[in-house]
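See structure below.
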Amino acid sequence: MTWRPQYRSSKFRHVFGKAATKESCYDGVPITRSVQDNNFCAVNPRFLAVITECAGGGAFLVLSIHHTGKVDPHHPRISGHRGNVLDIKWNPFNDYCIASGSEDTTVKVWDIPPHGVLKNITVPWKELQGHSRRVSLIEWHQTANNILFSTAYDYQIMIWNLDCPEQVIKNPVRTISHHTDVVLSMSFNTDWSLLATTCKDRKVRLMEPRSGNLLREANCKTHKASKVMILGNMKLLLTSGTSRWNDRQIALWDQDDLSVPLLEENLDGSSGVLFPFFDPDTHMLYLAGKGDGNIRYYEISSEKPYIHYLTEYRSHLPQKGMGVMPKRGLDVSTCEVFRFYKLVTIKSLIEPLSMIVPRRSESYQEDIYPMTAANKPALTAEEWLSGLNKGPVLMSLKPGSQVADLHSEMSKGLGNSLDTRRSQNRPGMLQLAYIQDQLGIKDSKEDSSRADDSKSWTPVSNGEDLALCSPPRTENELRLKFHKQQEEIRRLRELLNQRDVRIKQLELEIKNIKNSQS
């Protein structure tokens with residue numbers, strides 16, 4: 001009997017990384033020189049935020065996602081911290097809200113204007129005071145609205161409820177104090193009923209975030225874990241760290257038994273920290289090392305051998321940190337399944353990097369885009385704190401599958417209700433409904449429902465009424481007007497490109513129908 005090799009079928013076997021062109025990168029960004037093992041970058045479909053190097057306190061930049069090319073060195077910043085900013089995260093349900101943790105022991109939550117940061121912002125929407133040492137990590141709750149987790153060098157994890165009228169919050173709703181050293185990473189399962197942490201004391205802990213009860217603890221002498229990731233609902237944990245011989249290593253654990261890892265795999269002898277990124281929709285795992293130029297990617301299964309190596313993206317530019325675009329911001333017309341924003345310190349560059357599934361057809365590929373987490377909370381803060389668990393609200397990425405503009409009023413403080421009027425469409429892939437609205441072929445019902453919003457988006461004025469526009473008087477005003485005009489031009493170009501793509505799709509569908517009929 002002859003031996004035959006066993007090949008494993010996979011839709012993602014040939015996924016490849018495609019770096020953006022120089023025109024689509026962000027050049028001249030003074031990236032922070034901090035040695036903290038964080039990503040220093042946060043992205044959503046509207047804005048890119050990056051921690052920058054500056055004198056006298058901490059600051060970070062917020063750029064429009066379309067503001068590519070050379071960045072003005074005097075671009076306004078968010079600079080309200082007295083110490084260096086160590087971590088930033090966007091609110092998953094509000095593209096105009098970002099939180100930052102700093103060496104000044106505080107966490108601050110900022111409200112970003114709809115047209116971006118046009119002047120320095122120093123006053124936050126909320127300030128969270130509770131930690132006694134520098135705040136190293138923050139995480140937004142992904143299913144409950146306005147719940148924030150933070151951990152600091154005081155070895156404590158604090159849970160904050162932002163649904164309160166006070167501008168300065170001094171009392172967290174829960175403090176978890178199981179750790180004996182600095183918490184290195186936090187990860188949650190899909191419904192956020194479990195919290196996994198790695199600590200400098202080499203232990204991996206699994207606990208209930210609401211009650212703070214410690215469920216399980218792993219203390220593996222052959223594996224020193226630095227980062228942990230709960231792999232969706234697969235009941236598996238993945239840790240990245242170093243082996244006994246200081247080789248970089250990943251380990252896979254059974255969520256119900258942390259006594260011994262299911263699998264340990266040595267990667268190389270480099271010293272940079274490995275950052276794991278997991279896509280629960282495609283079950284793909286990406287490993288990016290700090291100081292590396294390459295990104296390895298794998299497919300995870302719930303049966304042995306669990307981890308299946310796919311391939312590796314290679315580049316000569318080393319990364320200091322990585323931002324990740326939410327799935328709703330991907331370009332589905334190019335079969336993009338993941339997008340990184342790579343911080344290249346040596347060139348002061350932020351380089352978008354797309355992971356693409358090669359497909360010949362230009363139509364929507366439903367098999368690689370299952371229902372994914374939407375930008376709507378499944379629970380209120382009070383519901384989650386009372387003990388309710390729910391998975392994320394799901395949405396389809398298919399163009400035209402939902403209304404593009406979703407207006408919501410988000411109350412911020414007592415008597416301070418701000419009508420956000422912020423469209424929740426994906427700028428990376430404008431939906432058919434939005435394109436039709438721009439072309440003026442929507443029915444009168446939808447036109448009347450969007451009348452208020454269309455006033456705030458006057459053509460070529462980028463949100464300003466032409467009748468109220470005054471000529472710029474100073475050089476700074478002229479620069480701001482120029483940036484607004486550039487953003488408007490990019491928006492219209494993107495609109496035209498997406499219309500062309502849609503026309504091609506319709507032509508293909510018509511041709512297929514004619515062929516099937518003949």
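Quick reminder: no glycine exception, Cβ is built from N, Cα and C everywhere.
Taken verbatim from TrEMBL:
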type	residues	note
COILED	475-516	coiled coil
COMPBIAS	443-455	compositional bias 'Basic and acidic residues'
DOMAIN	5-69	domain 'DUF1899'
REGION	443-470	region 'Disordered'
REPEAT	78-112	repeat 'WD'
REPEAT	128-170	repeat 'WD'
REPEAT	176-217	repeat 'WD'
Which residue counts does DSSP yield for the repeat 'WD' (78-112) in the helix, strand and coil classes, in that order?
0 helix, 22 strand, 13 coil
The domain 'DUF1899' (5-69), counted residue by residue under DSSP: helix, strand, coil:
3 helix, 24 strand, 38 coil
Beyond the flanks of the repeat 'WD' (176-217) by at least 6 residues, Cβ under 8 Å:
37, 136-137, 139, 141-144, 149, 151, 153, 155-159, 224-230, 232-233, 237, 239, 241, 253, 255-258, 280, 384-385, 387, 389-392
Give, as a single whole number between 0 and 100, the mean pLDDT over the repeat 'WD' (78-112).
96
